[in-house]
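A.B. asks: Pasting a structure below so you can have a look.
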Amino acid sequence: MIDDIRETKECQLKDPMDLFHSGQVVKICAPMVRYSKLAFRTLVRKYSCDLCYTPMIVAADFVRSAKARDSEFTTNKGDHPLIVQFAAKEAQVLCDAARIICPFADGIDLNCGCPQRWAISEGYGACLINKPELVKDMVRHVRSQIDNPKFSVSIKIRIHEDLKRTVDLCQKAEAAGVSWITVHGRSVEERHQPVHYDAIKIIKQSMSIPIVANGDIKTLKDAENVHHLTEADGIMVARGLLANPAMFAGYEETPFQCIQDWVDIALEHGTPFTCFHHHLMYMMERITSKQEKRVFNVLSSTSAVLDYLNDHYGL
């Protein structure tokens, strides 16, 4: 992290709110465990992604351990605007993490949506939607302790069965100074059920800050439809971008140039083989036959992958 950060200090940080004031729908790469790291963020930025998030980082570990900081957070001067997502349950711990990250990123996001059992049992993620006063306190603390007025403080939530509770949470966060709110349109219990875009629209109509819609957006056409349905100011995509990192640029499936770009970027960044390979498996899902997948998905070295891509696609 350190060398990259030295380089970053030379660059001008950006104000993410400028994107929301541009009059265009903001196209956002979601925080994804293991996947939305620097190399992948570099790739999607080449293909019309406006704003990128890091994977979720546990704020307490980040504050306590230099080793955690070095392994969890890497950036460079092209990696902007950048939002660092934290899991936190105490206002001062979140502030301390925000203070450390502030010189190197454009904002932080508090995860109030992760439905995984470990996160909820630790007091992180989606359990925070039931603690609106704590969320309000955390947002307010960061706002009061970070001097840079352009540094954004956002939250990402899931919805309640009773939507009035979600609107109440959002209004409390807005009163505390939250910059924008990303709404994943499912409850904590829902996994693959249809997304409640109507709920996102109601939340949008109840707020005066930007709202970002998230959930089941796989193509640029999906993004346009969800914007139309919800009136959201931004669209956040996770698995759709994994499958097609060029999605926001209007490609219906991953173009070969994008695969070539990923190979070049991943090798340049020293991306671990498993991550390098998994991204390619996602990207090539729609453009390879079952037989090709059986061969490609069990390759076990970078050189084997490069040989395969060269032999089959001339990459």
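Just so it is clear, glycine is given a Cβ too, placed from its N, Cα and C backbone atoms.
Per TrEMBL, the feature active site, proton donor maps to C114. The FMN binding site annotation in TrEMBL covers P31, M32, V33, Q85, H184, A238, R239. What TrEMBL lists as domain 'DUS-like FMN-binding' is 29-291.
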A.B. asks: Taking the Cα atoms as reference points, how far is V33 (FMN binding site) from the residue listed as 'active site, proton donor' in Å?
C.D. replies: 11
A.B. asks: Taking only the residues the record lists as binding FMN, namely P31, M32, V33, Q85, H184, A238, R239, what is the largest Cα to Cα distance between any two of them, in Å to the nearest whole number?
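C.D. replies: Largest pairwise Cα separation, rounded: 17 Å.
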A.B. asks: Long-range same-chain neighbours of M32 (FMN binding site), Cβ under 8 Å, sequence gap at least 6?
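C.D. replies: Same-chain residues close to M32 (FMN binding site) (Cβ under 8 Å, separated by 6 or more) are P55, A238, L242.
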A.B. asks: Taking H184, R239 as the binding-site residues to compare, which has the smallest set of other Cβ atoms within 10 Å?
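C.D. replies: Each of the binding-site residues H184, R239 was scored; lowest Cβ tally within 10 Å is R239.
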A.B. asks: When neighbour density is defined as the number of other C-beta atoms within 10 angstroms of a residue's C-beta, which of the recorded positions V33, C114, A238 has the lowest density?
C.D. replies: V33
A.B. asks: With every protein chain in view, what's the tally of Cβ atoms within 10 Å of the Cβ of Q85 (FMN binding site), excluding that atom itself?
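C.D. replies: Other Cβ atoms found within 10 Å: 25.
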A.B. asks: Would you kindly give the Cα-Cα distance separating Q85 (FMN binding site) and C114 (active site, proton donor), rounded to the nearest Å?
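C.D. replies: Spelling it out, the Cα of C114 (active site, proton donor) and the Cα of Q85 (FMN binding site) are 11 Å apart.
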